[in-house]
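Taken from TrEMBL as is:
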type	residues	note
DOMAIN	C:29-198	domain 'CobW/HypB/UreG nucleotide-binding'
BINDING	C:Gly33, C:Pro34, C:Val35, C:Gly36, C:Ser37, C:Gly38, C:Lys39, C:Thr40	GTP binding site
Amino acid sequence: MTALAPAGVEATARITAVPDGLGGTRLPVLESDGPLALRRTRGAGAYARVTVVGAMSAPLGGDRLAIEAGVRDGAALTVDSAAATVALPGRGGRPARYDVRLTAGAGACLRWLPEPLISARGSDLRMTTRVELAACARLVLREEQVLGRYGEETGTLTTRLTVHRAGRPLLDQELAYGPGAPGGWDGAAVLGGNRAAGQLLVVRPEFEHSPPETALLGDNGVLTPLAGPAVLVTAVAADALGLRRVLDRALRTFG
Amino acid sequence: MDTTSTHGASPGAARAALLVLADGRFPAGGHAHSGGAEAAVKAGRIREATDLAAFCRGRLHTSGLTSAALAAAAAAGADPLALDEAADARTPSPALRATARKLGRQLMRAARAAWPCDALDALAAARPRGAHQPVVLGVTARAAGLGPEDAAHCVAYESVGGPATAVVRLLGLDPFEATAVLARLAPELDQVARRAAEAGRRALTEGPGTLPAASAPLLDITAQAHAAWPVRLFAS
Amino acid sequence: MHLDHSHDTTTAVSADAARPDGTRRALRIGLGGPVGSGKTATVAALCRALRDTFSIAVVTNDIYTREDAEFLLRNAVLPPERIQAVETGACPHTAIRDDISANLEAVEDLEDAVGPLDLILVESGGDNLTATFSKGLVDAQVFVIDVAGGDDIPRKGGPGVTTADLLVVNKTDLAPYVGSDLGRMARDAQDQRGELPVAFTSLTSGEGVKPVADWVRARLAAWSA
């Protein structure tokens, strides 16, 4: 599956989670590919857990990476990562792609909690995350974008997070930062000089009838109920640590 | 009074109607909204014209583009209710969803007086508490004989015109400077409107999911805080 | 022109005298005038004088807060669901005259929320002497000035003083202290206004608002006739 062409790496890692019939979850499909190495790690309760191990620094310019995770009806899966993902420039100066495709079926639970994505100077990454949820699926999803390693200028980073529930749009958000982004991304409307931005999305069917109330999380974070049965935490911070602090507050409540 | 004349025009052929619709005096409630500028001023993020320029540029390329594309799609004839749903998914802040629907309802009132037609009546009946303002604007543009580019231009301009006017009132900023900020953004406004119009047309065949969803974290965050202020000059 | 087209409307456009279901809607009276002349106090006194006879609601147009609405709430002149604040983006005259869309919404929302009303008082935020209400928003308007603002205000005229359906000169009890000549104010007002009525009030006494309340009663009688 891995193609090591001069154009860059093309790799797709796959996970499928199904109920094991004993109240737990098993993983009939657990396919690592190229730089995306998957390890089954110790889960909690009904959850199976998979940790993405960064076998090499990725994605590099020109790479096309993807992860597909499917949680079938009644299964429960946590996916996290061992370290931050660092987008680095490739030799040709071409953009890299990183596509995450997640599905969760009826009564399924998915916790997608990777470490931050760091946009290193000179890199150009286009990331998409597409989530398809059944009406009664549950989701906790975290995304963090960090612009530049410590003291470094940022690369160019665009992300799009699209979540559908029962076939209807629930959340659609595109972010674009860095030298290749349209103007104003660092101004008072978008980041205001902050270098880390993040989202924590929690989808629960019961929010349909009792949605959590809006809550301000300090000066630069907010928890908002969406039009559908979900809440989104949106936060910006000077650095990754400050951002995680805000998102963790909400994760403790809703995780 | 003959009200059928606008309906005979081919879409996109009208021009004066665009001036009427885009006029800051068009009575659709926009004057009471700062587009997030009041919160940015209070936080100290906008102090002078250069900050205003960065704010407007960021807003234009994020929520401005997203809204312009929704309007363009509506003007092109896409299903307004599907677009309204797409707008909800693109607006995570309840305060901003409420503002968009309130302004949509106010625009609907003015639009039905100016360009009465079945499409506006149908949308008003389906969303009596207001559809998202860009969707109403797109349907209005179509009723006025305007095309997707016109609707996109109108919304893109609104996305920066409102904050610029508000900052003049909030900071006592020199109005000439504020106008110069808008004038210098004109080429980018054209660019955003073109992109939005293309996306709007594409949405006719490929669905609203293909429309841009560009968002601005600080606008979403500060809108909620602003909505809770006991004392403020602007409604949003 | 909206009356000419055949489309069914789900909401009334502007000042159509009937509700969408064909019944006569509430009479809307606007109250405007300079800052501090006693508009909110007049609204509060009117509510107290009329609330037992009529079903009333109030829309306030504050400059930058909900202060006037809060004042009315604190003084419990009406239940909270009968008071709505419109935010005006620092320009109350725009919200009552040039772009009345938010006020029309507030008026409709009140009728939806608390049922058929007899009277809706629309109070403008304090503004200057040129601020008047759109005929698309109100059926009649009251302009409130006070003796402490200077007894030459009626002579100076301006759209509010000249054209309002009722001119109220408030705080007459202060006239001796601020050197205002009530007789002169009355003569000047008549010169400017011809047959249009003028009421002199002092809201410090319990019955102080009576001339205004009587005028409102007469308008209500004419409206529902």
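A Cβ is built for glycine as well, from the same backbone N, Cα and C atoms used for every other residue.
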Those residues of the chain, 6+ apart, with a Cβ under 8 Å from that of C:Pro34 (GTP binding site): C:Gly126, C:Asp127, C:Asn128, C:Leu129, C:Ile145, C:Gly149
Position of peak Cβ density within 10 Å, selected from the binding-site residues C:Gly33, C:Gly36, C:Gly38: C:Gly33
Cβ neighbour count within 10 Å of C:Lys39 (GTP binding site): 27
Neighbour tally for C:Thr40 (GTP binding site), based on other Cβ positions within 10 Å of its Cβ: 24
Remaining residues near the recorded GTP site, that is with C-beta within 8 Å of the centroid of the site residues C:Gly33, C:Pro34, C:Val35, C:Gly36, C:Ser37, C:Gly38, C:Lys39, C:Thr40: C:Gly126, C:Val144, C:Ile145, C:Asp146, C:Asn170
Residues that sit under 8 angstroms from C:Ser37 (GTP binding site) by C-beta distance, when 6+ apart in the chain: C:Gly126, C:Val144, C:Ile145, C:Asp146, C:Gly149, C:Asn170, C:Lys171
Neighbour count (Cβ, 10 Å) for C:Val35 (GTP binding site): 11
